[in-house]
Amino acid sequence: MALDKSVILLPLLVLVLLVLGCLGRESRAKKFQRQHMDSGSSPSSNSTYCNQMMKRRSMTHGRCKPVNTFVHEPLVDVQNVCFQEKVTCKNGQTNCFKSKSSMHITDCRLTNGSRYPNCAYRTSPKERHIIVACEGSPHVPVHFDASVEDST
C-alpha cells in the first residue's frame, strides 16, 4: 500500500518542483530589460554611473560582468528594432536586427585589474545604432548583440 502511494506521489512532487522552478525564472525578455534598459535617464558622463547600475541590476553577483550596454530610449522604441533591418548576429544566428536611427547608450567596461568583488567600470556615453537579437511572439529583444556607428 505504501509503495502504491509513493508511485503516485513521486511524479506529482516532480511536477510541482518543475512548475515552481519555471515560475521563479526570469524570462529572456525581462533579463534583457533588466540588463540593458535605462529609459528614465540620459547617457551619463558621471564616472560612477556604470559602477552603480551594474551593481543595482545584479550584474556583479558572484563575478564581474566584463561588458554591458545600457540603452536610454523608451522600451517601445527598442522593441521596434525587432521590425527593422535584419542583420546577422555576431554568433552567426539570423535573428538580429539593427536600429534605423542612432540611440543614446552607455557602454560599461570592466577596468583593467578590477576583480570581484570590487568590480569597477569605465563609463562611456555614446550615440550609436544598436543591434539586438529578437525572439517570441510578439517579437521582443532578448539579447544585446552590438552597437555600431552611423555608416554615413
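Numbering starts at 1 and runs along the chain as displayed.
Here the Cβ of each residue, glycine as well, is placed from N, Cα and C on the backbone.
Of the listed cysteines C108, C119, C134, Swiss-Prot assigns the disulfide bond with C50 to C108.
Per Swiss-Prot, C89 makes its disulfide bond with C96 among C64, C96. Put simply, the two farthest-apart Cα atoms among K31, R34, K65, P66, V67, N68, T69, K90, R109, the recorded binders of substrate, are 22 Å from each other. Around the Cβ of N112 (N-linked glycosylation site), the number of neighbouring Cβ atoms within 10 Å comes to 7.
Put simply, N112 (N-linked glycosylation site) is 26 Å from K31 (substrate binding site) when counted between their Cα atoms.
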